[in-house]
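Enquirer: First the structure, then my questions, so here it is.
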Amino acid sequence: RRHKLYREEQNLTSPAAPLPLRPEASWLRFHLGISRDGLYPRSSPAVSSLLRDMQQFPTISADYSQDEKALLGACDCSQIVKPSGVHLKLVLRFQDFGKAMFKPMRQKREEETPEDFFYFVDFQRHNAEIAAFHLDRILDFRRVPPTVGRLINVTKEILEVTKNEVLQSVFFVSPASNVCFFAKCPYMCKTEYAVCGNPHLLEGSLSAFLPSLNLAPRLSIPNPWIRSYSFHGKEEWEMNPLYCNTVREIYPYSNSNRLLNIQAWDDLENSLQGKLRPSICAFPGNMDRHHYEMFTKFGDDGFLLHLDNARGFGRHSHDEISILAPLSQCCVIKRTTLLRLQLLAEPEYRLSDVMRESLLQDPLAPVLTEPHLLALDRRLQLVLAAVGTCIDTFGEATVVANDTAQPQSPAVHRAKLDT
């Protein structure tokens with residue numbers, strides 16, 4: 001089926017031999033490495049190969065993403081987990097059936113998002129997608145798809161390889177003789193919001209696609225700490241400091257590790273990236289956090305996917321304390337997570353230094369400015385302070401969930417039976 005679709009896209013009608021799916025293809029090895037513990041194992045050679053291939057392989061086709069097509073009524077919406085399409089993004093395809101989400105540069109690294117910006121005028125940032133992958137890997141969550149920066153020739157690698165007439169129609173040459181294009185969608189998609197090459201080259205992030213929903217179904221689940229998206233009123237968690245007691249009584253948070261996983265996902269990564277809650281005067285930072293996604297195969301205790309991270313790292317000068325609500329209200333954290341955070345607060349393993357070194361591996365380095373890197377250390381101290389307050393109030397045994405204990409081997413059990 002995949003070979004047939006590929007040949008149709010390439011207009012290959014000759015009875016040539018089918019293209020082989022190489023077992024060593026980086027995309028295939030990445031998909032096969034997904035487990036209950038994360039999207040990839042620690043020190044995965046498949047991820048290193050995948051990052052290199054996304055950065056080097058020539059594109060063979062380009063198209064709008066499925067969720068943008070859904071908004072235009074041009075695709076099967078049953079295949080969409082969560083339609084969005086407010087900002088420009090494209091699907092680029094490579095050899096070996098590889099596929100990546102391309103998000104172009106919309107905001108320079110040194111620009112801070114104005115504090116009065118509301119969510120629908122905040123740009124998605126390609127460097128935030130890259131930085132989120134590195135941060136997620138440093139925190140040992142391994143739940144952000146592999147992401148790499150790349151300079152794309154918008155003429156040769158998008159316009160000349162796309163067969164989408166709508167995408168072809170939105171390319172134009174600016175007064176400065178740069179090649180530009182924009183998106184077709186109901187909101188910010190017009191020439192005023194176009195992206196332009198210099199004159200053809202454009203920075204962007206490439207995030208590896210997960211397996212298709214047909215092969216690996218996913219669920220989209222409302223976040224109990226959903227943000228308020230109106231000018232009036234607040235959500236219950238914003239007014240009730242005991243809100244977590246209500247959440248604990250609701251399935252699946254009543255009998256699984258889901259609450260611990262949400263705390264790690266919603267609190268730690270979001271707060272360290274400086275994402276903001278929406279309000280009447282401050283942009284929300286990441287509007288995609290109203291739902292979270294999970295692979296259905298791993299059941300209730302599966303890991304939460306960290307997708308759509310382009311709203312992070314917008315304001316290094318502001319720390320949004322409300323993001324810590326799940327942690328401060330529930331007062332629970334995994335021991336392995338706490339140990340990792342404490343290690344990254346030590347001078348010899350400072351989070352900003354580890355991130356700086358990790359991001360130097362990306363072709364678009366420097367990915368983050370120095371103020372954003374230093375803000376990571378400041379926000380880490382805020383997280384640890386929130387944990388410390390919980391421990392002072394309820395005690396370490398109640399707050400820190402011990403997930404470091406290893407199951408005893410059969411030999412140990414036999415020894416106990418013998419005695």
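Cβ coordinates come from backbone N, Cα and C, glycine included.
The following feature annotations were taken from TrEMBL:
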type	residues	note
BINDING	LYS103, SER207, ALA208, PHE209, LEU210, GLU293, ASP308	ATP binding site
DOMAIN	171-399	domain 'FAM20 C-terminal'
ACT_SITE	ASP288	active site
BINDING	ASP308	Mn(2+) binding site
Enquirer: Over all pairs within LYS103, SER207, ALA208, PHE209, LEU210, GLU293, ASP308, the annotated ATP binders, what is the largest Cα to Cα distance, rounded to whole Å?
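Expert: It comes out at 20 Å between the most distant Cα atoms.
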Enquirer: Roughly where does the domain 'FAM20 C-terminal' (171-399) sit in mean pLDDT, to the nearest integer?
Expert: 84
Enquirer: For PHE209 (ATP binding site), which residues of its chain lie six or more apart in sequence with Cβ-Cβ distance below 8 Å?
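Expert: Once residues fewer than 6 apart are set aside, PHE209 (ATP binding site) is near TRP27, VAL91, LYS99, ALA100, MET101, PRO145.
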Enquirer: In the structure shown, which of the binding-site residues GLU293, ASP308 has the fewest other Cβ atoms within 10 Å?
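Expert: Minimum Cβ neighbour count within 10 Å, taken over the binding-site residues GLU293, ASP308, occurs at GLU293.
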Enquirer: So of ALA208, LEU210, which of the binding-site residues has the fewest other Cβ atoms within 10 Å around its own Cβ?
Expert: LEU210
Enquirer: So how many other Cβ atoms are close to LYS103 (ATP binding site), meaning within 10 Å of its Cβ?
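Expert: Result for LYS103 (ATP binding site): 27 other Cβ atoms within 10 Å.
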Enquirer: Once near-sequence residues are set aside, which residues in the chain of SER207 (ATP binding site), 6 or more away, have Cβ atoms under 8 Å from its Cβ?
Expert: ALA100, MET101, LYS103, GLU129, PHE133, PRO145, PRO146, THR147
